[in-house]
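Participant: Pulled these features from TrEMBL for this protein:
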REGION    1-189  region 'Phosphopantothenoylcysteine decarboxylase'
DOMAIN    3-172  domain 'Flavoprotein'
ACT_SITE  CYS157  active site, proton donor
DOMAIN    185-393  domain 'DNA/pantothenate metabolism flavoprotein C-terminal'
REGION    190-397  region 'Phosphopantothenate--cysteine ligase'
BINDING   ASP276, LYS286, PHE321, LYS335, LYS339  CTP binding site
Amino acid sequence: MSNILIGITGGIAAYKIPQLCRHFLLNGHNVKVIMTENAAKFISPLTFESLTGNRVYTDDFEIYIEPENIKHISLSEWADIFIIAPASANTIGKMANGIADNLLTSSILAYDSAKPIVVAPAMNSKMYKNKIFQRNLEVLKENGFHIIEPITGILACKDEGVGKMVEPEDIYLYCKQFLKKSDMLKGKRVLVTAGPTIEHIDPVRFISNRSSGKMGFAIAESAFENGANVTLISGPTLLKTFVHKKEVSSADEMYWEVMNRINDIDILIMAAAVADYKVENYSEEKIKKSSENLTLKLVKNKDILKEASKFKRDNQIFVGFAAESHNVEKNAINKMKEKKLDLIVANDISRKDIGFDSNDNEVNIYFNSGDKIKIDKMDKKKVADKIIKIISDLIIR
Ligand SMILES: Cc1cc2nc3c(=O)[nH]c(=O)nc-3n(C[C@H](O)[C@H](O)[C@H](O)COP(=O)(O)O)c2cc1C
């Protein structure tokens with residue numbers, strides 16, 4: 001788990017930072033906080049001490065109280081990721097000019113530039129648009145700082161404009177790209193599909209399914225965290241992610257996105273719930289309710305995995321998912337053989353506590369070698385981590 005150092009400066013958005021701390025803490029990371037003197041006027045250090053279980057650092061001259069530990073250096077060394085949020089115009093100005101007149105700016109200057117430093121500015125839009133501020137921000141970008149640009153909205157001063165800090169969840173999601181767990185899949189190109197597809201009937205109606213995309217997104221993120229170069233092709237979902245994502249709508253669109261990449265990948269993981277059928281004749285105009293009955297003729301969609309497996313090289317690994325409501329094992333094994341997969345992940349969708357839209361899953365993994373592994377019910381992210389470990393073990397074998 002990573003060490004996260006959060007630097008808070010004097011802006012209204014400081015009140016959102018406890019939520020940011022919680023995102024990291026709930027995911028098992030260690031969090032320490034440095035506050036500028038002005039930040040402590042907006043929110044009490046006690047809030048962060050209670051949340052993180054660590055002392056909050058506010059003053060450079062505390063080094064005289066604890067001389068054995070020179071804070072501006074030791075905190076910088078401790079951190080795997082340094083986040084400055086909210087980053088005031090004042091502190092950004094100091095950062096851009098190498099000024100180190102408090103514990104936060106000294107720690108920033110002492111921080112190893114090879115490690116990620118993430119800056120989330122927040123301020124009034126007039127301050128944000130100021131040319132001198134923009135020049136300072138440009139200096140940070142040129143020097144490898146990761147800037148999460150503020151968004152447009154109603155600001156604390158009641159003005160509407162650009163300058164609002166992004167939500168804590170978005171800062172957390174952004175930082176997840178730096179929370180690498182291992183290099184298990186380093187150099188491997190992984191293509192993951194996720195979510196449902198949508199088959200349009202007319203401009204307002206469509207056929208889809210209950211897939212939330214959670215399992216596929218978790219797998220894509222786990223592959224990334226373990227060093228892979230990941231592309232996620234996703235049908236419509238409400239999920240956010242830090243991995244490179246290409247959004248599609250229909251099964252046909254997903255088919256083309258997969259087939260266009262099939263030669264350039266090492267691992268294909270098809271976790272999407274792709275519609276088996278589409279409407280034969282899409283109506284350009286909204287269908288009117290003129291008669292008692294309406295018959296839609298459905299035709300089969302292309303079977304993406306089956307088509308992709310025709311081009312499969314021996315050094316590629318293809319993984320399928322089988323969401324089954326009955327004869328789970330038999331159907332999954334048949335699907336694996338028919339589509340020449342290396343392994344298939346099967347789950348029983350007749351159970352209400354796992355699978356579609358649930359945060360948990362329980363799966364059985366069948367291998368083309370005849371082996372079988374059961375993953376007990378747990379959070380989908382943990383299931384994803386186990387699946388990724390199993391896939392990387394296959395590569396090593
Ligand atoms: C009520 C209030 C709200 C403020 N909000 C912001 C802000 O959102 N962004 C900003 O850059 N400065 C803001 N300021 C100004 C900063 O607090 C000021 O520039 C201060 O010197 C920043 O100190 P620091 O960078 O050491 O934390 C605000 C000031 C006040 C009094």
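Note that Cβ sites are derived from N, Cα and C of the backbone, with glycine treated the same way.
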Participant: For LYS286 (CTP binding site) and CYS157 (active site, proton donor), determine the Cα separation and express it in whole Å.
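Facilitator: About 46 Å separate the Cα atoms of these two residues.
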Participant: Tell me which residues of the chain lie with their Cβ under 8 angstroms from that of the residue listed as 'active site, proton donor', as long as they are six or more apart in sequence?
Facilitator: ASN124
Participant: Please list, in sequence order, the residues in the chain of PHE321 (CTP binding site) that are at least six apart in sequence and whose C-beta is under 8 Å away from its C-beta.
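Facilitator: Within the chain, PHE321 (CTP binding site) has Cβ neighbours under 8 Å at MET215, MET270, ALA271, ILE344, VAL345, ALA346, ASN347.
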Participant: So which of the binding-site residues is most packed in, judged by how many other Cβ atoms lie within 10 Å of its Cβ, out of LYS286, LYS339?
Facilitator: LYS339
Participant: Return the maximum Cα to Cα distance in Å (whole number) over the record's CTP-binding residues: ASP276, LYS286, PHE321, LYS335, LYS339.
Facilitator: 38
Participant: Count the other Cβ atoms sitting within 10 Å of the Cβ of ASP276 (CTP binding site), across every protein chain shown.
Facilitator: 13
Participant: Which three-state DSSP class does PHE321 (CTP binding site) fall into?
Facilitator: strand
Participant: Same chain only, sequence gap of 6 or more: which residues have a CB within under 8 Å of the CB of LYS335 (CTP binding site)?
Facilitator: GLY320, ALA322, LEU341, ILE344
Participant: Which of the three DSSP states, helix, strand or coil, fits ASP276 (CTP binding site)?
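Facilitator: It is coil.
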